[in-house]
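Structure first, then comments.
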């Protein structure tokens, strides 16, 4: 027979809030010591990450559209979308780049983090549900094209970066090098977030890895996204020539486009924001500690103590 139910709470130290705790006294000295310690540790981590970037990440990039495009790439520039202008971009390798080497496109002044932009999609449609136009309220303003429902709908999907980039040539020393365009997107995105609806069989559709990469939104107005991989080591003095079919118009938003060739570190390809965040936080913590130090000397305040208490 089971014992009768009890309303008595669990008597464990955790639920009764009797777990041993440490409650330091927040004196000016303790606060200053903690801030200086946090600042020193953060600055050390930040400078270490920067050192890793300098030692392990080698990057070459070439602008091919937008204001400031060098004269050698002027033939690449376009004034309207889907122009189909074909040009060649050469990138000289100035340091040995161990494989794998990653090829990115980089955009400036493109705000994927804008509230209206990032909300303009329908996750159910992207995972294979065949929805009608009236069910696509979150895709506004791009839900249909005339009487036909867009699939995929929304501004994100329909502003896809559609330049075509291929590795067309290399120096004789680098003969035989090729660029692969698979294994670009996260497996979780490919397997769980993007599926074709039944009865809808495009050539590739939403399972295209360039599309999946584009749909993972960037947090800043300047960003780069992975386009391909080179599985060979590149040596100093080599030159890679890419053929670009330019379709994505950046003139309408005063943007810029770059082609980037880069290696990565264990922390990723772009760790600038990471080391800057650690370094700036460390500097801010040290400045706060100096402020408290000055405050303690200029206008000190006695701490409360039971010795000051008296009856009556």
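Just so you know, glycine gets a Cβ as well, placed from its N, Cα and C.
Annotated by TrEMBL as transmembrane segment, the relevant range among 12-30, 31-49 is 31-49. Nonlocal intrachain contacts for the transmembrane segment (273-294), taken as residues 6+ away from its ends with a CB within less than 8 angstroms of a stretch CB, comprise 28, 31-32, 35-36, 38-47, 49-50, 53, 267.
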